[in-house]
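Chemist: Here's a structure for you.
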Amino acid sequence: MAVDTYTYTSKIESILDKQSSLFQLSTTQLYNKILENNEGELTELGAINAKTGKYTGRSPKDKFIVTEPSYRDDIDWGNINQPIEEEKFLNLYDKVLNYLDKKDELYVFNGYAGSDEDSQLKLTVVNELAWHNLFAQNMFIRPSTNEEAQEIKPNFTIISAPHFKADPSIDGTNSETFIITSFKHKVILIGGTEYAGEMKKGIFSVINYLLPKDDIMSMHCSANVGEKGDVALFFGLSGTGKTTLSADPTRKLIGDDEHGWNNNGIFNIEGGCYAKAINLSQKKEPQIYDAIKYGTILENVVVDEEGDVDFDDNQYTENTRAAYPIHHIDNIVTPSKAAHPNTIIFLTADAFGVLPPISKLTKDQAMYHFLSGFTAKLAGTERGVTEPEPSFSTCFGSPFLPLNAKVYADLLGNLIDKHGVDVYLVNTGWTGGKYGVGRRISLNYTRQMVNQAITGKLRDAEYVKDDMFGLDIPVEVEDVPQTLLNPINAWSKPEAYRTQAQDLINRFKSNFEKFGEDVDELAVNGGFE
C-alpha cells in the first residue's frame, strides 16, 4: 500500500487506553450493549433493527477531503470531492476527540479492508454507538483472534461521533453533519449522522485513492466464480439487476459491492454485505433473506411490537438496509478472492429501449462505457407522466472516486489487454420501444445471455455490427429469440428506433464532454464520434 504507517496522536492513544474503550467485543456483547443502551430493537429474525434518524442515506454535500500539499494536485476537486482546509479539520478533530473522551463508553474494532494481504488496509474503528461497531465488524474483515486484532497497527482510523454536531460558521462545514477524510492524518472523521453506510463508503473512497497509486484497480462491482475457476465481474447502477444476476446458484460469490484487482487477481475489499431490504422476500431473493439472522444489523426497517419485520413498509425510507457478514451466505469463496477475471459485464437498464440486450465491447468501447456509467431511471411528474431520464455515474461509482476518472479507465483498459478479458454490455431494460411503449426484457433471457457470456460461449460467436451505436451484437444466443438480439428488429417503426437511438447517442456525447480533451481519442475509438 502507498500508506503503511500511522502514529496516533497522544489524545487518541489516551482515549483508546481507557478501560471504558471496549475493544473487539463479540457479537453477543455488542447485542447486549445495543439493547441496554436502547440503540436498537431485537426482531423475530434474530437481527437487530436500528433507526438512523433524519439521515437515512449518505450525505454527499457534507463530505470533504482535507486539502494538504502532499496530495492536493492528485484529487479531482468538485461537488463530489469538496475541499476543507487542514486548520479547520484539525480544530474539529480536536473537538470530536474531546467530546468522545467524556463518553462513558466507546466501542473499538480493529480489522481490515481487502482480503488480499498484498493490498490490505489495516483499520481501527472508534464508535460512539455500539450498533455502529457491530456494523463495522460486519462490513470490514474481522481478524481471526483477539490477539491478532491487538497486533494491528492501523493505516487508517475511522472516528465516528454521530451525536456530535458541527457549527458550520466555525468549523467550515456545510451543516452540522460532516464526513471528512485526511490522507495526511490517516483519519475519516464522521459526525452529525447516524447513517452507518458513511463508514463503509468512507473507506471505499480511501481505497479508491490508495490502490490506483500502486497500479491496482479498485472497483464498484460484484464478483463471482464458476466451478472451473472462471471469474466474472458485474458493474451496474441501482436497478440494473447487479445483485440478482451475480447471485447465481451455480457460481460462488466473491463479493457483492467493492473489489480490487491486483497482480494476484480479484479480491473483495469487504467482509460483509450491505443489501437493500425494501420489498425483500424469501421467494424473490432467498440468499439475502436467509442471511438476515442473529448478528445482522437492519437499518430503518419497520418492526411491530412483537418484533415482526415488514420489509414492504417504507415508512422511514426506501433505503432500508441489511448489514451482515459474508459468511451468512452459504455459496461463497473463502477467503474472498479469486484469479483474474475472464469476463466483465456492464449492466444498464435502458428505459429508452434502444441498446441491444447484449453486445460485445472492444477495449476502447469498454473504457468509454466504463467512464459513462449509463443507466436510465424513471422520473415521475406531477401529472403522472413518466419519461425515461438518463443517469450517468462515472465508472459506475462517481460518489466514491477521489482521483481523476481517467486514472481508473486507463487501469481498466490495461488490465483488459493484459489478461484478455471479454467485456459485454447487457441491457436489462426495455426493448421494442421506450418505457411505457416497449416491454421489459425478460429476466430469463437476460440470465441466459449473461450465462453464455461468462461461460465463454459467446467469445467466438458470429457478430453483426449495429449501425447506430457501433456495437457488436451476437447473431444468435442459445434459447434467446433472434428477433430480440438486434433492437431495431423489435421496434415496429425502424425510423422511430433511429430517432430515439440518436437522442441517446447525443446524451452520451453531452455527458462525455465533462472529461475534456484528455479523452478525445477514446471518444472517437470507443464512443459515437
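Cβ atoms here come from the backbone N, Cα and C positions, even for glycine.
According to Swiss-Prot, the protein has these features:
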BINDING   Arg58, Tyr195, Lys201, Arg321  substrate binding site
BINDING   Lys201, His220, 236-244, Glu285, Arg321, 440-441, Thr446  ATP binding site
BINDING   Lys201, His220, Asp257  Mn(2+) binding site
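Explain the structural surroundings of these features, please.
Modeler: Secondary structure at Arg58 (substrate binding site), taken from DSSP and collapsed to helix, strand or coil, is coil. A sphere of 10 angstroms centred on the C-beta of Arg58 (substrate binding site) encloses 19 other C-beta atoms.
Note: His220 (Mn(2+) binding site) has non-local neighbours Phe204, Phe235, Asp257, Glu258, Cys395, Phe396, Gly397, Phe400, i.e. same-chain residues 6+ apart with C-beta under 8 A of its own C-beta.
Residues near Lys201 (substrate binding site) in space but far in sequence (CB under 8 A, at least 6 apart, same chain), listed by position: Arg58, Pro399, Phe400.
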Chemist: Just to verify a number: CA distance, Gly236 (ATP binding site) to Arg321 (substrate binding site), in angstrom, no decimals.
Modeler: 19
Chemist: Give the number of CB atoms, excluding that of Arg321 (substrate binding site) itself, located within 10 Å of its CB.
Modeler: 24
Chemist: Nearest to Arg321 (substrate binding site) by Cα distance: which of the binding-site residues Ser238, Thr240, Lys242, Thr244, Ile441 is it?
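Modeler: Ranked by Cα distance from Arg321 (substrate binding site), first place goes to Ser238.
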Chemist: Please work out which residue of Ser238, Thr240 has the most C-beta neighbours within 10 angstroms of its C-beta, and give that one of the binding-site residues.
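Modeler: The most densely surrounded of these binding-site residues is Thr240.
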Chemist: Rounded to whole angstrom, what's the largest C-alpha distance between any two of Arg58, Tyr195, Lys201, Arg321, listed as binding substrate?
Modeler: 14
Chemist: Starting from the substrate site formed by Arg58, Tyr195, Lys201, Arg321, give every other residue of that chain whose CB sits within 8 Å of the mean position of their CB atoms, in sequence order.
Modeler: Gly57, Ala196, Gly197, Glu198, Lys200, Tyr274, Asn319
